[in-house]
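As given in TrEMBL:
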- C102, C105, C141, C144: Zn(2+) binding site (BINDING)
Amino acid sequence: MDKISALQKRELFTEYLTRKGHRKTPERYAILDHVCAINGHFDVEMLYQSLEGANFHVSRATLYNTIELLVDARLLVRHQFGTQGVQYECAEKAAGHFHLVCSHCGRIQEYKDLALKASVLSKKFTKFTPEYFSMYIFGLCSKCKYALKRKEKKEY
């Protein structure tokens, strides 16, 4: 998703809610504004704490339901990084980067590779038109790799 303004996001969400027959509540729009202001990944609990800290009180049920609507409206992207819980990211911020996920500590690094992105986007598929993609590369971060090597040396 290209960079779009907060107003455009609200308009897209309004169109989605109307099309699907959902209510347009102030809580849903406040959650939209809040998640799109977050830099990076977040989970629902982090979002809940952040909203509480901003003196915006909403039930977890409302939060979970609104997050699902935002994912369905393609304003949020859902990530499942291995065995970690589900995390989310504003769709426009998710575009254009990949995720390096440490299998040992769970650390997530964002990685940009314009050539790889162009290669994937230029790929032609038979009887299939891609709309978006995500890529997760699992391995060991340098910190864990170093720690594991030190541990192996001590064991010998």
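Any Cβ shown, glycine's included, is placed from N, Cα and C.
The binding-site residues considered are C102, C105, C141, C144; of these, C105 has the fewest other C-beta atoms within 10 angstroms of its C-beta.
The DSSP secondary structure for C141 (Zn(2+) binding site) is coil. Taking the mean position of the Cβ atoms of C102, C105, C141, C144 as the Zn(2+) site, the remaining same-chain residues with a Cβ inside 8 Å of that point are S103, H104, G106, R107, L140, S142, K143, K145.
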